[in-house]
Amino acid sequence: MKIGKSLYAFLLLFCCLTAVGFANTQPLAKKGVVDLRRQSFFEKIPLDGQWCFYWHQLINPNDTTKHNACIVDFPFKWNGFSLRGETLPSFGYATYQLTVLLPSKTPPLSLSVPDAYCAYRLYLNGKMVAEDGRVSNTPEGFEAHWQNNIVDVPTGVDTLKVVLQIANFVHSKGGISKSIVIGERRMIDLSRRRSEAIDLLLTGCLFMGGLFFLGLYIFGNRDKAILLFSLYSIVYSYRIIGVNNYELHTILPDISWYVTIRLEYISLFAGIGLFGLYTLYLYPRDIYKPIVYVIGSICFLFSAASAVLPPLYFTQLINPFLIVTVFCLVFIPYVYIKAYRNKRPGSGYALASSFSLMVVFSISLFHYWAIIGPLQLLNFAGYVSFFFLQSLILSHRVSFALKRARAQAEQGLKAKSEFLSTMSHEIRTPLNSVIGMSHLLLKTNPRPDQVEHLDVMLFSANNLLAIVNDILDYNKIEAGKIVFEHTEMDIASIAGNIVAGLQNSANDKGIGLKLQVDSALNNKVIGDPTRLFQVISNLVHNAIKFTQAGGVEVGITVKGQTEHDVTLSIWVKDTGIGISKDKQKLIFERFTQADSSTSRGFGGTGLGLAISKRILELQNSTLQLESEEGKGSTFYFIQTFLKSIKTVEQLKKEDNLPKEDNKPFTGIHILLVEDNPMNVLVAQKFLQRWGADIDVAANGLEALNKLDISKHQLVLMDLHMPVMDGYESARNIRAQGISIPIIALTANLPGEIQLKVKEAGIDDIMVKPFLPDELYRKVLHYI
Ligand code: ADP
């Protein structure tokens with residue numbers, strides 16, 4: 001309904017404009033004379049009306065002999081005109097004559113003379129004042145050219161004898177189709193300059209807009225609609241300065257008429273074709289494709305014809321092409337309305353632009369039929385709003401595509417992290433059993449050969465665990481899910497533990513492994529011990545891995561300290577294979593190793609350094625490297641930590657745990673809730689070794705039934721179980737007002753489930769596969 005009303009309003013407006021065009025109150029020439037003696041010349045006056053016309057004669061203005069004139073309606077194209085029973089051809093030459101009666105006193109006057117088909121010479125009172133191309137009565141002497149001229153009217157005359165000689169030997173039309181206009185010189189000049197300014201501005205807009213969209217296509221998402229629109233803008237920008245006012249011919253006066261006429265027609269045909277195709281790619285589901293293909297083919301054929309045929313032939317294509325243009329004028333808005341109804345992206349703008357398009361096309365058409373003047377300002381506004389609205393459609397389209405791509409990427413990322421999380425659960429659970437059982441077997445006095453086998457098994461299982469953890473970690477860091485702990489930690493003892501833990505590996509390779517701690521470091525600091533452990537042990541691991549002789553040194557140096565914080569340089573130095581300069585940046589990328597043979601020679605995934613680097617970056621530190629190929633490497637980072645109030649001495653006292661062998665859990669009853677029998681076996685074996693009594697429940701519901709607060713001091717609760725999961729079971733326990741400590745057993749990473757665990761009233765998390773030491777400490781802490 002709204003659309004109908006708007007269309008109605010548009011038609012009404014257009015009829016008014018047309019009426020304005022028709023309302024010509026200016027005097028017309030009669031029998032070769034126009035009387036302007038009572039005119040003010042403030043408005044431009046077209047010298048239209050009855051002119052004398054001399055076919056096949058180029059009359060010299062000073063020639064006084066009587067010639068046979070006929071009267072024609074100026075502006076007059078002679079082709080097809082019937083003169084004394086003869087139909088005039090397009091090729092030929094003629095003279096037009098008009099006498100203008102002027103007031104005795106006038107302000108300085110000028111004539112604005114348009115282009116003619118296809119060369120003219122203009123005389124005023126016997127003097128030649130303008131020439132466009134070369135007029136001749138033979139094709140050989142003739143030369144076509146199109147340009148607008150402004151000619152000064154001689155001053156102090158009351159009669160103006162206008163003689164216009166026109167010749168054509170190239171175009172399918174002959175004569176002149178636009179009015180010669182007379183007016184005050186100032187105003188004619190101004191109006192001309194205004195037209196040129198508008199044309200140049202519009203060309204600039206279209207051309208630059210076209211280039212911008214071309215760039216967007218080349219460097220962007222290769223959307224064909226964008227490409228076609230950019231080509232359309234560029235092609236059409238030519239039409240603004242290459243047609244009508246012919247500014248291009250003023251800028252490049254030597255350009256051949258044969259080139260410009262071809263460009264004029266090609267830009268028209270190709271422009272419409274490109275726009276049709278653009279609409280097809282813009283709203284493919286709202287358009288009847290065969291129509292566009294037909295229009296496109298016609299445009300292509302006509303363009304090709306304009307490129308190769310002589311102008312006499314291709315200039316005749318304009319009339320049949322008008323049908324195509326008028327059809328597009330109806331068809332394209334129809335497609336836009338359809339797209340709007342189907343709620344396509346940016347179709348609101350498309351609909352609005354079709355109104356502008358109608359204004360522009362209608363002005364061009366009606367002006368071509370000489371029904372209205374050029375209405376340049378309205379035309380300009382129409383063009384600018386049309387191109388602006390089209391740009392909005394494309395911008396909308398680009399941002400729509402980006403949004404969709406982003407949503408898809410986010411979905412993919414989510415799927416990836418869900419997949420990894422499931423995988424981690426699935427892989428870690430059986431690993432839990434393998435590692436747990438290996439530990440257990442090692443503690444049951446195995447034979448020396450069995451110890452060796454068990455060590456290999458434990459080593460491989462731990463390796464596998466490290467890889468799974470690395471992949472998970474990297475994924476987590478990338479997804480921005482990493483949360484750092486802020487707890488008290490003793491950096492020296494963390495480094496000490498790492499060195500002690502890896503001493504055997506170093507010994508096996510026959511290299512030294514030393515720790516050097518600055519004696520100025522005597523405070524615990526606040527930080528994330530797990531992450532720090534991960535970074536240092538990564539570096540030490542690598543150092544040992546890539547060193548065949550010499551040794552590895554781990555050091556902590558105090559770089560500076562205040563009352564509240566301490567800045568430490570933590571470094572790992574080796575005398576290994578080193579890293580060449582060109583590889584030094586590369587190795588911090590994920591899955592990248594300095595040498596592709598590395599993984600074959602030394603193993604590894606290429607993730608360790610990438611993870612360590614990100615972990616440090618997220619804590620405002622940078623992992624740095626100094627290395628020389630063949631001589632060794634030093635990896636180091638400088639980080640500032642807040643100091644804790646506790647000293648290292650106090651910490652050592654706190655860490656004095658009772659010995660495992662003394663069965664410190666004797667008399668303690670623990671409820672173990674776990675559905676996986678292997679996990680039950682592992683946990684049970686350890687806990688029983690330490691003296692605890694274990695009751696087992698296979699799911700959350702069974703746990704609720706089995707829990708006896710007069711007996712149990714701790715619940716170890718798996719989270720993923722059939723019947724009732726760990727969260728619900730814990731919530732039920734808390735709902736009954738029972739405050740017994742509950743430790744969750746999970747293969748997930750703590751960060752992922754922390755919130756949910758807290759909400760369920762669970763006190764702590766043990767990540768599976770658990771290290772016996774960690775299980776021992778945690779249980780001890782809660783009992
Ligand atoms: P991975 O060790 O699992 O391959 P990293 O990210 O830890 O992955 O290391 C990436 C690469 O950096 C290694 O493959 C190796 O080429 C190089 N690199 C790391 N540390 C050292 C070192 N201390 N000496 C020599 N090369 C090293």
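Residue numbering: from 1, along the chain as shown.
Using the three backbone atoms N, Cα and C, a Cβ is placed for every residue, glycine included.
Keep in mind that what you see is a predicted model, and the values were worked out from it rather than measured.
According to TrEMBL, the protein has these features:
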DOMAIN    422-643  domain 'Histidine kinase'
DOMAIN    669-783  domain 'Response regulatory'
MOD_RES   Asp718  4-aspartylphosphate
SIGNAL    1-25  signal peptide
TRANSMEM  200-219  transmembrane segment
TRANSMEM  226-245  transmembrane segment
TRANSMEM  265-284  transmembrane segment
TRANSMEM  291-312  transmembrane segment
TRANSMEM  318-337  transmembrane segment
TRANSMEM  349-371  transmembrane segment
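Remote same-chain partners of the transmembrane segment (349-371), defined as residues 6 or more beyond its termini with a Cβ less than 8 Å from a stretch Cβ, comprise 3, 6, 10, 14, 18, 21-22, 75, 177-178, 282-283, 322, 325-326, 328-329, 332-333, 336-337, 339-340, 378-379, 381-383, 385-386, 389-390, 392-393, 396.
Each residue in the domain 'Response regulatory' (669-783) gets a DSSP state, and the totals come to 51 helix, 24 strand, 40 coil. Within its own chain, the transmembrane segment (265-284) has Cβ neighbours under 8 Å at 223-225, 228-229, 231-232, 235-236, 238-239, 242-243, 292, 295-296, 298-300, 302-303, 306-307, 314-315, 317-318, 321, 324-325, 328, 332, 335-336, 338-339, 344, 347, 350, 393, 397, counting only residues six or more beyond its boundaries. Listed as Cβ neighbours of the transmembrane segment (226-245) (distance under 8 Å, sequence separation of 6 or more from its ends, same chain) are residues 148, 195-196, 199-200, 202-203, 205-207, 209-214, 216-217, 220, 251, 260, 263-264, 267-268, 270-271, 274-275, 277-278, 281, 374, 383, 387, 390, 394, 397-398.
Per-residue confidence over the domain 'Response regulatory' (669-783) averages out at a pLDDT of 85.
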